[in-house]
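Report on the following structure.
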């Protein structure tokens, strides 16, 4: 069983200083096991000015098992898959400990944005670019931030709600919005074309 | 995965990790791989281990240990014979990296159950309260550790008889095999061990540098707080000190002395007492006799029972 009281305490703790930390966690619905986190792109990195959403899934074994985290916002980073947002970070795997929290994990993701580890990559293509052609990497990462992390951050929940009210199932809506980088019209087109 | 075939369980663990990585690399895109898939594979390996032995096994006569080495090293067989002069039985624990803590949990609770030593219970509760303050002082949020503390104290209370929640020895065995109790208690120990190492970082630093060439902070994060990280002298010293419980470890390895006589090395971890007892007699220079004895084979701990 998921330790609900702990998750509730974590949510409160995390959102208490979200203005300072640039990190927040919200519920996706009524279910405490489905959350999404938000981190702001660190200053003086190609991610500056971006707001990155992270899908968080807590299994029944949490806090013994790490939270499953995946970037919903597309991001160009050696340790994050440019395809599906999967993250390569030790504390989300074997270095996880119940002494850590969702907040510390999100803080680690923020630190990862500041300090990529290209020698332990999740996305080999990005890592290669980072190591061989750093200026192009910075350009691409900045472009992705501009394109995906700024637009998508504007009221995505309202877009979801709007499309759900049109009669589309929520998970499909989220997937479509995610695929098109948060563009409501493109998502609608995608949903209509099935 | 016993030690008669492979000299070191640590090596086995390494090989398992290596196997996982190998299967990932073959013919698959990096980016297609997700953390949870890696975790699943890890969990699958643990499930196979679980089938072999519960977290804490049954009490077995020492002859069961000798049987393991029947076609093995004669030095080890000789040593087990020597061990048999003072020890009657062994209780195995699962080799999942938490074995030291599970050994300690079971031995300690079983000792309290058998001795009904209320003074000891009061004493350890005071130490646990100190541990809590240590963690708070180090900046841990209460909600990260309080559940683990509560669960450990519950177990200590429950092995004392005469309460509504008192449990039998059978129940103690089954709780120690129940993940929802056993893992919480292991995690409690990991918290207090980490707290003690950080609190006395100056003392532990040279040992940690020698062991893993890393900082105290990193060592605690990487080798103490995550479940499944194996325990070394540093962990045992810190746990013994912070809870004030002496631990004896008997070492069963292939080493032999120059004189040719077979003897077994042991080490007593005696807590550094910060608060000396209030009432002291002149003849109170008593030798502390550990009531927890563990058998160490490279990479693994089991519980030993004296005669």
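Residue 1 is the first one shown; counting continues down the chain.
Here the Cβ of each residue, glycine as well, is placed from N, Cα and C on the backbone.
Please treat TrEMBL annotations as automatic predictions, because they have not gone through curation.
Annotated features in TrEMBL:
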ACT_SITE  B:96  active site
ACT_SITE  B:99  active site, nucleophile
ACT_SITE  B:300  active site
DOMAIN    B:88-307  domain 'OTU'
SITE      B:251  site 'Interacts with free ubiquitin'
SITE      B:253  site 'Interacts with free ubiquitin'
SITE      B:296  site 'Interacts with free ubiquitin'
SITE      B:301  site 'Interacts with free ubiquitin'
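Taking the Cα of residue B:253 (site 'Interacts with free ubiquitin') as the reference point, the closest of the recorded positions B:96, B:99, B:301 is B:301. Residue B:296 (site 'Interacts with free ubiquitin') and residue B:96 (active site) are 15 Å apart (CA-CA, integer value).
Comparing Cβ neighbour counts within 10 Å across the recorded sites B:251, B:296, B:301, the minimum falls on B:251. Residue B:251 (site 'Interacts with free ubiquitin') sits 10 Å from residue B:300 (active site), taking the Cα positions as reference.
Using a 10 Å radius centred on the Cβ of residue B:96 (active site) and all shown protein chains, the other Cβ atoms total 18. Residue B:300 (active site) sits 7 Å from residue B:99 (active site, nucleophile), taking the Cα positions as reference. Counted within 10 Å of its Cβ, the other Cβ atoms near the residue listed as 'active site, nucleophile' come to 25, all protein chains included. Distance between Cα atoms for residue B:296 (site 'Interacts with free ubiquitin') and residue B:99 (active site, nucleophile): 10 Å, as a whole number. Rounded to a whole number, the distance between the Cα atoms of residue B:99 (active site, nucleophile) and residue B:301 (site 'Interacts with free ubiquitin') is 6 Å. Neighbours of residue B:300 (active site), defined as other CB atoms within 10 A of its CB across all chains, total 25. In the three-state DSSP reading, residue B:99 (active site, nucleophile) counts as helix.
Residue B:253 (site 'Interacts with free ubiquitin'): 17 other CB atoms within 10 A of its CB, across all protein chains.
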